[in-house]
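A.B. asks: Sharing a structure with you now.
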Amino acid sequence: MVDNLEPLEPSLQNLVEQDSLKWIFVGGKGGVGKTTCSSSLAVQLSKVRESVLIISTDPAHNISDAFDQKFTKVPTKVNGFDNLFAMEIDPNAGLNELPEEYFEGENEALRVSKGVMQEMINALPGIDEAMSYAEVMKLVKGMNFSVVVFDTAPTGHTLRLIAFPQVVEKGLGKLLRLKMKVAPLLSQFVSMLGMADVNADTLSQKLDDMLRIITQVNEQFKNPEQTTFVCVCIAEFFSLYETERLVQELTKCGIDVHNIIVNQLLFLQNSHDSCSMCASRFKIQEKYLDQIADLYEDFHVTKLPLLEKEVRGPESIRSFSENLMKPYEPKGKPKE
């Protein structure tokens, strides 16, 4: 490392202070504490932003466990907060599992559109998961949250989430090119069902609206002023390898990433007084922390402790979230 380079602040203070951010993704390998970190970040953002939404896109839906509160597919206020909301979606469920609020309308047209749309998108490989993200994004954008934090599934799912606007743009483009063929068929279909008042262009208009929103989201995802990604890892080989792969893929996708959280670290006061396993783990972690420092010298690297108790419940998360803002100092650490 070059000695005269000033190291970047080892916290997420830079993200919390960046008022322009609209979308923050938190991801990494399974089991590294992504949910605790994303929930803690959302709590800190709620102190300085008007309204914050945290969305879980992991089918395991750990944010319900983290906040000790059941969340659904509709944004729900988190207990103990006035401006923090949470929701959980399953991207594998497809459009049929989304709540009816996503397909509002005064007549049967939109309900027909939902079914027809599901059938049509099933014919396009990879677009079903992307379209469920798209419908959620449409809902979220309409609610005008100041910032949205995504608690993502393990890496493979995360990369698909990041790429979904491009997948949807491509898929909807194909559908819209077919709309002249689809509209007459839809007209015949709804007439057979006795719904003569339904406008055959309803589906086409819905697709047009969706494409417009997704194009906008795609532009925002590629704008570092509006979107960034926080990688969470632990100081072990496989986690570090996965983090490097994730950083490279994000860079390839044009997504900003300049924050890494290293979680579950041992902060030993005196390795001689520690058990042999703790001392051994400490040495392993030190080795990988050195590698992280070399690999990511132009990143904000935040180090979080391994705690004796799990972080669960709003007050516990609120307390733990302070570690994102200033470097963790173990209790009883001797003054230098």
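Any Cβ shown, glycine's included, is placed from N, Cα and C.
These figures come from a predicted structure and were not determined experimentally.
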A.B. asks: Determine which of Glu9, Glu236, Glu286, Glu297 appears in Swiss-Prot for the same ATP site as Lys29, Gly30, Gly31, Val32, Gly33, Lys34, Thr35, Thr36, Asn263.
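C.D. replies: Of Glu9, Glu236, Glu286, Glu297, Glu236 joins Lys29, Gly30, Gly31, Val32, Gly33, Lys34, Thr35, Thr36, Asn263 in the ATP site that Swiss-Prot records.
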A.B. asks: On a count of neighbouring CB atoms within 10 A, which of the binding-site residues Cys275, Cys278 is highest?
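C.D. replies: It comes out as Cys278.
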A.B. asks: How many Å separate the Cα atoms of Cys278 (Zn(2+) binding site) and Glu236 (ATP binding site)?
C.D. replies: 14
A.B. asks: Looking at the binding-site residues Gly33, Glu236, Cys275, whose Cα is closest in space to that of Asp58 (active site)?
C.D. replies: Gly33
A.B. asks: Inside 10 Å of the Cβ of Asp58 (active site), count up the other Cβ atoms and send me the figure.
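C.D. replies: Other Cβ atoms found within 10 Å: 24.
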